[in-house]
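Chemist: Pasting a structure here, questions to come.
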Amino acid sequence: MDQPRTHSGPTTASNPAPSSTNSSSAPSATNSKQERSSSSLSKPSSVVPSKDSPDGDAIAKTQAAALKNDMKSGDTSTLDGSSQNIIPNRASMQKYIDQSSDLLSRSSGVITPSMSLNASTNATNNDSSGNSANSSDLKIPIDRDNTIFKTFDTKTGQFLKNDDNEEEIRRNNKVDSIPPKNIYTNINNPSPSPPPSSKQPPSASAPQLPPATEPHKEQAAQQQPPGNASNFLRIFSNKKMRSHSVPTILHSSLRKLSSHNQYYRNQNILLNHPTPSGISKKKFSRNHHQPYLHSNNPLSSNPLSLKRAIFLNQQISGNASTNANNDNINNSTATSMTNQSFLSSSNFDLTLEDRINYIKATPTPVPFPPINLQGLKEIDLQEILKNPQLRHDIIFDPLLQFRPNLDGERGNKKRQLANIYWNDVQNEIYVYSKRPEIFQYNRSRLVPLFDTLRDVLLTIVPQKESPMINNVLDTELNIQELLKGSLIMSNLSGWLADLFKHHCAPMRDPWVDKMSNKFKEAERDSSLTRLIEGLRLVFQILETMKLDIANHQIRILRPALLSNAVEFEKQYFNTLIASKRVNLNTSLLWFDKKFNENVTAGLVRNPSSITIPDVYNICIRSIINLLSCRKMVREYPTPLSFDHARLILLRADIRQIVCILVCRLLFQQLVANDPSMDKATKEYVIHTYSTKRLKNEIISIITDEHGNCRWTKNTMSIAVHLCKVIDDLHREYDNNGSCEQARRPQLPSLDNSKITFAKSWLSKQTQPLSEVYGVLENRVFKSLEDAIFNRSECTIDGRVKQDFVYLYNTNNGNVGSTNTLSTTTDTASVKISPSLMSPSKTSTTTPTGNAIASRGLFAATELEEFENVYRHLYALINLHWSVFGPHYIEMLGDKVNKKGI
C-alpha cells in the first residue's frame, strides 16, 4: 500500500476520518507529480477539492459511506479500552484510501503508481458512460497483483520502461515495498506478531526469516484471509537504540577511546576463523552488538554467500591498484536517482540472492552511521562542563580544540569500519532497487541513516527551524520515495547545501559545494558510488559543524572554566573518594615513602620541626623525580591520572635538555684540551658558539623523518659536527673574525683521533645510567625545584599562588599544543632568576667576561625546552598541591609542625 504523500501523519484515535469539508488526505490532480523542489525548504501540501465540485462531492460521499460501513461491521479496534478512540483496521483503511485516490485519478485521467491498469481502465469507462451510481455502492476493483512500481516521467506524462525480469519478480512477490508509517508488517511471515516489549531481547523482536527450502509455506500463508488488523500490524517503539560507534573526538588528554569489534567480526567471517572468547572479552568488553551468525540463522550452515558479499564490499574500497576496475563495476551497476533503474552487470560474480542473504544476516540493532549522535554527544556543552579531563587540560592549553581522531592505529580501524558501513549501505540501495519487497524496517541501515541525519541537524540549527527539518527529513517518506524511485537526491542535497551554508562557517563553503556536486554527478552519470560519496560528505560536514560549535564554546567559556578549575577538581576527586570509587591509599603510601626518604637523606632544613612549606617542597621534588630517565617509573600515582601523557612528554623534554648539556660539555672539553689554541681563542670559540645555536644544529642532525630524536644512533654525526665547528671558529678567529675566509672550501683538517674520542664519549655519556648524565639531570631537577618553590610563595598554612591557572594565555603568546609540549613561548611571562642557573663550580674551563659567566656550562635558560618544562611543572605541581595537599598533610599527622595554622 502506498503511503499518502502528506505530512499530516496517520489518522489518530481522536480523528478517525477526515470530514467532507477538509479532505486533506486526498491529493489533487494538479499536484499529482509530487516533485521535490530544491528552492523550497518544505514539501508541498495537498490541494483539497471543494465540496461544491463534483469530484469533491463524490469523495465526501465515498468517505462517509466507507466509514459508515466500517462502523456497522464492527471491524474496529480500540486503544486503552476507550470506545471513542476508534482506528479502522488495515482492510478498511486500504479500501478507504484506494477509493479516494482512484476516484481523484479517474476524474483527472492520470494513472498513478498506486493504481492498477485494470482499475484505471474500469474507472475511465464507468466515468465516460455516465454511470452515476450511489457512492456507497461504488466498488473500484484494485488488482494488487499488477501494481505498477515504475518510474513516472513528469515531463512526458508516461511511465519509463522497466526490465521484464523486474516485472516478473514483483508480480510473483505480491507484497508492498514499504510498510505504513509508524508500523511494519513482517513480509515473509504474516503470522500474528505481538507488540515488541522492552523486556524481550533484541533477537526476539526481530522478524524471523523463513527457510529458503519451504516456499510452499510462504505461499500458503499469503493465501490466508486477512482476519483482524491486529494480526498484521506491529507498532514500532519510539525508543532509540544506543549507538555503539566509535567516538571520533580527540583532545589534548590523549584519552583512550573504546571501539567496537565489528570490523574484526567481518574479518573472522571472511577468513572463517572463530574469534577467541578470551581476547574478545578482554579487548571488546564494551561491545553489545550481536554476532553476525546465529544458531537459528539460515545462513549459518552455509556462510559462503555472506563471505562473498563481505569480500565484495571490502574489495570495492580496497586496493588502489583496482580502483579503476572498481569504478567501472560500480558505474555499470549504478542507479539514476531520477529513474532508479539499476542495470545488471555481467562482471559481478555475486548473485542478487547472495546480496539479499547478506542483508538478512544483518544483526539487530542495526549499526548506526560512523558519525552519529551518540558519538557527538561528548562535545555537547553539558558534557564539556562535566568533563574533568577537559577542565584539567584547558589550564595547560589555551587553544584546546576538538578534532576527529584519525591518527594511528585507532584512526585506521575507524576508517575501515566506516568503509564497511558505507559499502553495506551501497549494497542495500542496489538490492532494494531490484527487489524493493526485501526491505525490512528493522534490518535496514537506511532507517538509522536518515534518522541520524535529522537528529544531528536538529542539534545544530535553531529551534525555530526544527519543524522544517522534521518535515523535509521524514525518514519513512524518504525511504518510500527511494524504494519507489521518486526521491531526487540532487534536490535534497541542494536543500542541505543551502542549510549548511546558512549555519556553518564560510570557510566550509567549498566543502559544501563539493558535497552538492557529488549528488549532481551521481544523478548525471547514474553512479551509485558517487551517491555514497555524497552521503559520506554530508555526515563529515555535520561532524565538522558540531566540532566548530564545540570549539567556539570552549574558547568563549575558557575564562569561566579557569576561574573555578581548582574548586571543580577538588569537588570531583572528593566525590570519588567519598563514594569509594577512587582509592588514594597507594598514593598516600607513595608520598609517605618519599617523605621518609627526604628526611633520611637530610634534604629537609629542620628535620625536628618540619613545616607545611617543607612538605610542599618535598611534593615538588617527588613529582620532578618522576621525570627521571635514570629511575624510570612505570606507573604514576592516582592523583596524577589526568597528567599521564603530559608527564611522559615532559620526561622526553628533560632527556633532550640533558643530552644537549652533554654535548655542550663535550664541546667545552674539546676546546679546553686543544693545544693549538691560546686562551683568547678558546674564549672566542666558546662565546661565539652559544647553547641555542648548538641545540638547533644538533637537533637538525638527530631528528629522523618521523620527527623523533635519535641520540645514541647519531653520536658519530654529532662528534664530526662539533669538531668541524671548533675548526671553523678557530680559523675564523685567526682571520681576524672574517667568517667568509674561514668558510672557504679547503681540504678537511679534522683530527680523526679527536672525532673518535668525541664519538666514544658521547656514546657513553648520553646513556641515562652514566655518571655524567646523572649529574646533569640532577642539576636540571634542582634548578626546576628551586624556581618553582620560590615563585609559588607557599604560606605557613600551605596555600600557594593561584597564578598558574592563568599562566597559559594567548595574549602572552603561550600557545599550547595537544601533541607536543615543546612550544615557543614568551620568556617575559615566566622569569627565571639568573642566580638559579649560575655556572657550575666543577666546570673544566673558567671563561671570562660577563656574557660567558652568565651562560656557563649549565646555561639551560637559553633552551626553550627548559622554559616550557618549567611552566608546565609549575602549573601541574601547584594544581596537584591545591587539590591533594590537604590529604598529604592529614596523612602525615604529627610528623608536620602545624603551629600558626
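Each Cβ is built from the backbone N, Cα and C atoms, and glycine gets one as well.
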Chemist: For the feature phosphoserine in Swiss-Prot, which residue out of S116, S245, S253, S676 does the record point to?
Modeler: S245
Chemist: Region 'Disordered' per Swiss-Prot sits at which of 106-139, 820-853?
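Modeler: Here Swiss-Prot associates region 'Disordered' with the stretch 106-139.
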Chemist: Given the candidates S8, S40, S73, S277, specify the residue that Swiss-Prot annotates with phosphoserine.
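Modeler: Looking at Swiss-Prot, the phosphoserine feature maps to S40.
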Chemist: From S53, S466, name the one Swiss-Prot lists as phosphoserine.
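Modeler: Checked Swiss-Prot: the phosphoserine annotation sits on S53.
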